[in-house]
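Pulled from Swiss-Prot, these are the features on record:
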type: CARBOHYD; residues: Asn153; note: N-linked glycosylation site
type: CARBOHYD; residues: Asn206; note: N-linked glycosylation site
type: LIPID; residues: Cys13; note: S-palmitoyl cysteine
type: LIPID; residues: Cys17; note: S-palmitoyl cysteine
type: TOPO_DOM; residues: 1-36; note: topological domain 'Cytoplasmic'
type: TOPO_DOM; residues: 58-69; note: topological domain 'Extracellular'
type: TOPO_DOM; residues: 90-93; note: topological domain 'Cytoplasmic'
type: TOPO_DOM; residues: 102-115; note: topological domain 'Cytoplasmic'
type: TOPO_DOM; residues: 137-155; note: topological domain 'Extracellular'
type: TOPO_DOM; residues: 177-184; note: topological domain 'Cytoplasmic'
type: TOPO_DOM; residues: 223-231; note: topological domain 'Extracellular'
type: TOPO_DOM; residues: 253-323; note: topological domain 'Cytoplasmic'
Amino acid sequence: MSDRPTARRWGKCGPLCTRENIMVAFKGVWTQAFWKAVTAEFLAMLIFVLLSLGSTINWGGTEKPLPVDMVLISLCFGLSIATMVQCFGHISGGHINPAVTVAMVCTRKISIAKSVFYIAAQCLGAIIGAGILYLVTPPSVVGGLGVTMVHGNLTAGHGLLVELIITFQLVFTIFASCDSKRTDVTGSIALAIGFSVAIGHLFAINYTGASMNPARSFGPAVIMGNWENHWIYWVGPIIGAVLAGGLYEYVFCPDVEFKRRFKEAFSKAAQQTKGSYMEVEDNRSQVETDDLILKPGVVHVIDVDRGEEKKGKDQSGEVLSSV
């Protein structure tokens, strides 16, 4: 077979797919600090899932289940994430959530290459954390192992919207609390994020299980093999996170450099639009002038002897207008 089709296929992207360009795209990946950050995300997610999912175990078993303690679960999730952010924030940024990582990519805070490793580490940590919890919990009380599920009286669309909303408030809290441009933040950033997670749980546990974190739902789903409506816990949180990050970073509190670039782009576009508008107006004015010059007037029939216009009928019987 000829190598020509292969050459054609790679001809245009060949210069971009060189070893040097690939190394530039993954710049910073091959450093010790990078792998420390990835390991931190893995370990933080493992501990977070293990501790927080443990609060969902119903120790009454299937025969005599205890009432669900929403406050206990909410506080455990909130304080767990606050602790992990405080411990690992200076190492990896303390994302501990694929939705947060995607929002950071969309706001140009981390590279795509770094985000791929972060999300992989987070998902792997969630699986291992859920697996450890499954191993140390008596089979009679394992139950669903904290698998997130949409309430039976709600549709998938309702669940998607709830996850979008609670993740939006979480990620908006993260961006607002971690904004380096602010000088009024004096409290604990980790605690603010933890409270945001707790509030989301207090509101949405009965609706969707209050995930706000695709990896948190992914871990127990893998261990228990339960994938019912699992896509909701990826699509909803990611959309909510991207909306929150984009609104905060580009609308409410844009940085000085972004505002300068936006003004330049807007001014340039306005000038181009104004020039096109003036050109169209000039053409229209010329056409209207030509119409005034070339348009024939109305012929009037006037009786000079009587000094008045004739009103009557011509030979064809049509009325001659004096207007």
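Every residue gets a Cβ built from N, Cα and C, even glycine.
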Per the Cβ filter (under 8 Å) with a sequence gap of at least 6 from its ends, the topological domain 'Cytoplasmic' (177-184) is approached by 192-193, 248, 253, 255
Below 8 angstroms Cβ to Cβ, which residues of this chain, lying six or more residues outside the topological domain 'Extracellular' (58-69), approach it?
140-141, 143, 205
Quick check for the class: what is the C-alpha distance, in angstrom and rounded, between Asn206 (N-linked glycosylation site) and Asn153 (N-linked glycosylation site)?
11
For the topological domain 'Extracellular' (137-155), distant same-chain residues with Cβ under 8 A (at least six beyond the ends):
52-54, 56-62, 130, 162, 206-211, 216-217, 220-221, 223-224, 226, 228-229, 232-233
If you count other Cβ atoms within 10 Å of each one's Cβ, which of the glycosylation sites Asn153, Asn206 has the most?
Asn206
Within-chain partners of the topological domain 'Extracellular' (223-231) [C-beta distance under 8 Å, separation at least 6 from its ends]
127, 130-131, 134, 144-145, 147, 149-150, 156, 159, 217
Tally the residues of the topological domain 'Extracellular' (223-231) by DSSP class, grouping H, G and I as helix, E and B as strand, and everything else as coil.
2 helix, 0 strand, 7 coil
